[in-house]
Structures are given as structure tokens and as C-alpha cells.
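One structure below.
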Amino acid sequence: MITLSYRNNLLLLGLGISTFGDFIYLVAINILVLQLTGSAAAVAGLWIIGPAASLLTKFWSGSLVDRINKRGLMILTDIVRALFIALIPFCESVLFIYIILFFLSVSKAFFEPASIAYITGLIPEAERKRFNSFRSLITSSAFLIGPAVSGVLILASSVEASIWINSISFLFSAAVLYLLPNVESGRDRAKITLAVLKEDWKAIYQFSFTHRYIAVVYFLSQFFMVAALAMDAQEVVFTRQILLLTEAEYGFLISITGIGSIVGASVVSAVSAKLSVRLLMNTGFLLVSAGYLFYAFSFSFWTAAAAFLVLGFFNPFWGTGFMTFYQNNVPFDLMGRFTSLFGVLQSILQIIFIMLIGFTGEVFPLRYSIIIASFLMLFVAVILIGLINRPTTSFYYAEKGEKSIDQ
């Protein structure tokens, strides 16, 4: 029988391999497309595929996730990703690569809600915050180390070999997940029809209406993240054209962000039992938004580096707190549909924000667009902190078996 701590570590290993795989192939695929086409526009097209796949998938994928075995679905999507990634080096046209990446994004649209629900079902409530902090540490490490590993593999062999090694990593992840137990017995395998989808959408609407506080905090947290992603999409342009940094300096800034994120996640992992969910969310939302504001007004490499360090360090705080809040308050049987349907809204907002910042950056100085977006983030953070600290909502943040430091 698998012990609790060993089981948690095994799950972290499986999820960690998938996360590292995502970052490794991200670098390789950008280089491969650039080699094939020599077009920056073709590379930029890679970033549109993910949100597009989400829009076409997430409005119905949650219904499937909630009705089938989540561990089995995670294993299947890992195998599918491994097979599709293995095909990429054989593509001689960027169109075929786009098609494969679309299906990879579809697979990820199933894997993400399934993994969140599976974690919630497998990890006891008292251990979720600590587990989430370690997962945040793995994600932060993947952000920094994954591209470096991809670079080493490309230098030591080739882009194609790097992609095939990444394909094998997803098979290994599937094998690790196979060793874990199921968190549900029989599942309702009802056929997914339009009528079923309508009932599911109605169920999420009713839950969101009845539990408005949970829905509002979740939506605003996603809005906060979308605003950050939109600014990140203009990061290269801002640092190169506004701050006049070199490619090497920009690369160093990304490394600083990764290092800050690893250190921040390590701190959260080490003292998670002593930090309340409220404190994690309060600290994370406030200081991440402050970091983006500082970044918007930065004028040199060192001021930008300080902003990136703050961003990296405090991202794991709000990420860990928010995920724990979500897992403790959204019913297990609704998680797939809730995550996916709100994910559709998130994808729409992401596309709008990226286009809006990009468009206004063409009409007005880009710094103005970044400043406005950063103030918007700060405004949302203040609203969230106000909601989080309402005395009447303390039970949403209650934790079992732990004594935590609150504000």
C-alpha cells in the first residue's frame, strides 16, 4: 500500500515531469518553426493556438472531465501529448506543426482541470496548502531550468532530438501517474450531448449564483492573472525598445524572475504550515501588483531587475493561497466543469487584453499601456484584499489541523 507522503511525492513527480516537458518543448518548437520559416510572424502564431484551442474546447471539456476517471484521463492525455510531440520533427510544413500544437493544447485543456480535481480528491484538506506550495516550487523551477535543459539538449544534439526526448518525458509522466490510486470508483459515463452541456452550464451558473463570493474571488483572481499575462506578452518589446536593453540583459532578467520564483516558492514550502491562506493571498496579490507597477515605471536594467525579482518571489504566495482556497471551496464533482467554463472566459479576456495592449502600444507609447494595465492590476488586488479580509467570510479560508499566522 502506498503511504501518504510517498503518494504525494509520486504525484508531484508525475506533475513535475509534465510541467518540465511543457517548458522544454516550448523552446524547441519556437526554434524549429523559426528554422522552417524564418518568419517572426510564424513564431508569434504559436502563441495564438493555445487560447484558440481553449475557446473551442473548454466550454464542453469540463463535462467530460467530471464524468470519467480523472487519473485515467491524465494518463491518456500524457500519452497523446507524447505521440503528437514525437511527430513534430517529421513535419515539413508549419501548417502541420500548427495542427499538432492545436491538438496538444486541446489535450492540455483536459489535463489541467483533471489534475486539479485529482489533486483535490487525493490530497487531504489539511495537506493541500503544503502540497500546492511544493507544486509551485516545481513550476518555478521548470520555468527557469526547463528552457536551459532544452538549450543544452539542442546544443548537444539537435532540435529534433530535444523534441523526441521531451516526448519520452511525457510517457514517463504517464507511467508515474499509473502507479497512483484512483480517487473515484465508478463514474457516470453518460453521453455528452447538447442537453447534457446545457444542464452542466446551468449547474455551474446555479453554483456561482448561490456561492457568489467564491465565484467573484475566483473570477477576479483569473482577471488578475490575465492582466499579468497581457503585460508579459509585451515584455520583450518593452525591455528592448523602451528600456533599450540588450538580448543578454533581457535573458538575465528572465533568469532573475525564475530565481526569485524558486526562492519564493521555497519559502512558502518551508513555512506553509505557519502561513494562513488569507495571508498568502493578501501578500501575493498586493506585492505582485506592486512589482508590476514598479516594472511599468522602471528606467534601467537594475530597476527592472528589482521589479522582476519582486514579481518572481511573490507569485508563489498568491498562487499557493488561491489554489488552496479553490480546492477547499469548490465541490470535487463540479471542479472539471467549473475550471473549464471559467477557463473559456479567461481565454477570451486573455485574447482581448493582449490585443488591446498591443494595439494601444502602436497608437500611444507602450509605457503608457503598461502603466495603465499595472494600475488596473493594483485596483483588482485592492478589491480582492478587501473581499478576502471580510470578517464574515473567514470560514472560506478555514484550514483543518493547522495553526496559521493570519494578518
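Going from the start of the chain as shown, residues are counted 1 onward.
Every residue, even glycine, has its Cβ placed from backbone N, Cα and C.
Transmembrane segment is the annotation TrEMBL gives to one range among 81-100, 161-180, and that range is 161-180. Per TrEMBL, the stretch carrying the note transmembrane segment among 108-130, 338-360 is 338-360. Ranges compared are 134-155, 310-331, and TrEMBL records transmembrane segment for 134-155. Between the transmembrane segment (40-60) and the listed ranges 12-34, 161-180, 338-360, the one holding the most Cβ pairs under 8 Å is 338-360.
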